[in-house]
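This report concerns only the one structure given below.
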Amino acid sequence: HLGSVVAYFTSAKFLLYLGHALSTWGDRMWHFAVSVFLVELYGNSLLLTAVYGLVVAGSVLLLGALIGDWVDKNSRLKVAQTSLIVQNSSVILCGVILMIIFLFKTQLLTLYHGWLLTLCYILVITIANIANLASTATAITIQRDWIVVVAGEDRSKLADMNATIRRIDQLTNILAPMAVGQIMTFGSPMIGCGFISGWNLMSMCVEYLLLWKVYQKTPTLARKSVKVEASELKQLNVKKESDGKPAEGVQLIIEKDVSGFEPQQEKEVGCAARIAEPFITFRDGWVAYYNQPVFLAGMGLAFLYMTVLGFDCITTGYAYTQGLSGSVLSLLMGASAVTGIMGTVAFTWLRRKCGLIRTGLISGVAQFACLILCAISVFMPGSPMDLTVSPFADISARLFENEPLPTIASPEPEMIFATGMPNLLNGSIAPADRDPEMSPEPVPLISVSLLFAGVIAARVGLWSFDLTVTQLLQENVIESERGIINGVQNSMNYLLDLLHFIMVILAPNPEAFGLLVLISVSFVAMGHIMYFRFAQKSLGKQLFVCHTPDPKAAPDSSPPGNTSTV
């Protein structure tokens, strides 16, 4: 027994989990803290935070395919180590700059008429964006490539590893912001900066060592397939169909590989060709994504990002306007993490019982059924929905009356630190903090209760569906294209996420939030319709025949005609 325990704790699988836990913990602390730091630095205004969010989303949208292409063209260890060092070094540098700003803000304001401080803000946002791009590269290479190789041909092991990775994500999503929030509340933002910089320095060294250990324990990571021509893929497909072995396609490609993969020597090209190369890569990435057999499944997942039905600053801001306190919201966030973990358990069970593609269908139906509660909440007592109110009435009235525009209530910064969610809706403060004359009657909680009940319950289906599409991409994208296809998938996710923020900017008042909820539910429905179409194409008449598949073969998890199942 002791030997098996020691073997597990020294296995490549566990070391991968440990590295991911450290990486995600640092990531979540940083993403939470940088938003709060920017709010704190810019006089309790959300302007810098909004600019940061826009820059991050725009960068991944434009550079997702290029990052993925770089992942494909370089050896696995080089990609993982480079992205790890760039990500952590950027965060450490950002932390140091923020500490300098916090220490010398008054002096920086007077130097060069404040332009030096503005330059510092630009530097922080730029370096934080580089850290996020490196984090994207790390996620693509570890979660979409290394994990597949470590799992080998065992699809059940791959499903379990994906589920465990998601459970780690769920726990760190809640615990990391709480930890750094406490440090910033009882210490100061500057101490928070120092702690995060120190954590990333320590974490970088440990993660580097863990990556090296995983690489040594999994010799197949040293072999990476080169781009395979269409004619070769056709031959592989014929071979695969005749043998009937689900992993034959990839196995044959791996046999062609050479240990210690190195990118091909670049031929001398002209200046114009070099300038055009990123644009060609961008185009080729999106075309390749469109031509994937799992394209509709990937699009279905991306459409779920066009929603206000999550625990982001928008929904939390709306909850404040409806009378929910910070402590209640933190409990609701905890409940959402629990249902998210339940979703990962449901995924592994459903996959064993019904196969991968049907798991996605069942998860989609479960998520949509729960979100119907959110749609009903819009029409229940307590809902502020009133489309006759102009979204910008409050702002224009204040401008014409020369009143100051509202910002986040500065007397209670610990509220932001505790929940990680500053209020975004017109900078409204919680009704409890308002003048009693402004809100003579308490807002009925039926509407907001139904809304959050739907959001929390839907997490089970959401995370199960997310894991389904993740594994479909892992199993059905050829090894030489994993990076670029997952890079484009990230870009699609960010594009829809960006659209959801634009939607909120166009209708920022609580009276219009009900409309945003209905639009969100519609986009979720469209996403699942796309997935249903994919499942219909893949399984045909077998779509609704639920059986217990062979856990390793899982024949229904790969669309017909695909050459590269894992």
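Cβ atoms are placed via backbone N, Cα and C, with glycine included.
The model shown is predicted, which means the values in this text are computed figures rather than measured ones.
According to TrEMBL, the protein has these features:
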TRANSMEM  46-71  transmembrane segment
TRANSMEM  83-104  transmembrane segment
TRANSMEM  110-134  transmembrane segment
TRANSMEM  294-320  transmembrane segment
TRANSMEM  326-349  transmembrane segment
TRANSMEM  361-380  transmembrane segment
TRANSMEM  443-462  transmembrane segment
TRANSMEM  483-506  transmembrane segment
TRANSMEM  512-532  transmembrane segment
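Against the transmembrane segment (110-134), stretch 83-104 has more CB pairs under 8 A than any other of 83-104, 361-380, 443-462. The transmembrane segment (483-506) is not in contact with the transmembrane segment (443-462), judged by fewer than 3 CB-CB distances under 8 Å for residue pairs 6 or more apart in sequence. Ranked by number of Cβ pairs under 8 Å to the transmembrane segment (326-349), the listed stretches 361-380, 443-462, 512-532 are led by 443-462. Most Cβ pairs under 8 Å with the transmembrane segment (512-532) belong to 294-320, among the candidate stretches 294-320, 361-380, 443-462.
Note on the transmembrane segment (361-380): residues 300, 309, 343, 346-347, 350, 354, 446-451, 453-455, 457-458, 460-462, 464-465, 468, 514, 517-518, 520-521, 524-525, 527-528, 531-532, 535, 543 of its chain, located 6 or more positions outside it, place their CB under 8 angstroms from a CB of the stretch.
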